[in-house]
Amino acid sequence: MTTLIFAVGIIGTVLSLLVFASPITTFREVVKKKSTENYKVAPYIATFLCTSLWSFYGGLKPGGFLVAAVNGAGALFHCVYILLFLLYSPQHTKVKTAQYVGVVDVGFLAAVISVTVLGLDGTIQLTVLGMLCSGLTVVMYASPLLALKTVIKTKSVEYMPFLLSLFMFLNAGAWALYSLLVRDFYIGIPNFVGLILGLAQITVYLRYKEKVRAASEKGNMVSAMEMGAYGYECEEKPSKTNTNGYDGGAIKVAEKTLKKANSLPKPTLNREQTIERVLQKALSFGEYNDDHHHDDVYSIIQLINFRPRTVA
């Protein structure tokens, strides 16, 4: 049994570290863009408070070194994330973020530690801390649900990190099993709740991810059909522009349109109107030479002698 507890504890520790490290990719983009955009700071504030209190709980509980060590690492990770949030968040949210951090992660944490050390003794300390940590862990697991509003509103999963939801789901499962083995229900209850909430987050992510992918494929198909209908040809290199500034693709389309127009049946001419126009040209007093008059008179004779053929 001791070996199994140790193995599950190691698995839980590794998964917890993966949970704590998973936002690194998110904050790499934040640093690159120098903006937190629509990312939410609440999950990181809640997780920092939770891991700090679990570290305190593990330090007070006999045999709780593993709990204290892994949560201490988590508190360090989230301290860095919060500092990056304060540095790169938009100006209108920077002050509000600083206020939340000051109230929750500094004031509340200091108050809990002070009351526990100075006002409580023995098992009462572990009971109060265990209940408080359990409640905060449920909040930690539920905090990424705040991103669901953005996901549903924008129909995009861009601001809902998948790795964080996945590793939190796996982490909750590992620690739920660990709690059954060591019979610590303060650890078990919130992790069973986290298991359910993590599954819900993954389901929502996969659902909207498929919708976005389907919409993208449909849009590409429609664009391809439109390009085919208008006669565009796909080229690996961009079309060159001529000296007049017209795009080569547009010129090709114009040429094809002219060819189609030239292939249409020509309008028939009215015989009387044609004779009248030729007569006006022949009898006009413009500068025509004798050859032109000769040709015009010949055209008149040809029109007059024209007889439509009848179909037998």
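Any Cβ shown, glycine's included, is placed from N, Cα and C.
As recorded in TrEMBL, the features of this protein are as follows:
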type     : residues : note
TRANSMEM : 6-27     : transmembrane segment
TRANSMEM : 39-57    : transmembrane segment
TRANSMEM : 63-88    : transmembrane segment
TRANSMEM : 100-120  : transmembrane segment
TRANSMEM : 126-148  : transmembrane segment
TRANSMEM : 160-181  : transmembrane segment
TRANSMEM : 187-208  : transmembrane segment
Name the range, of those listed as 6-27, 39-57, 63-88, 160-181, 187-208, that has the largest tally of Cβ pairs under 8 Å with the transmembrane segment (100-120). 39-57
With pairs fewer than 6 apart in sequence excluded, do the transmembrane segment (187-208) and the transmembrane segment (160-181) have three or more C-beta pairs that lie under 8 Å? yes
Surrounding residues of the transmembrane segment (63-88) on its own chain - C-beta under 8 Å, 6+ positions past either end: 9, 12-13, 16-17, 19-21, 23, 27, 30-31, 34-36, 39, 41, 44-45, 47-48, 50-52, 54-57, 94, 97-98, 101, 105, 187
Sequence-distant residues near the transmembrane segment (6-27) by C-beta distance (under 8 Å, 6 or more away from its ends) are 39, 44, 51, 66, 69-71, 73-74, 77-78, 81, 84, 161, 163-164, 167-168, 170-171, 174-175, 177-178, 181
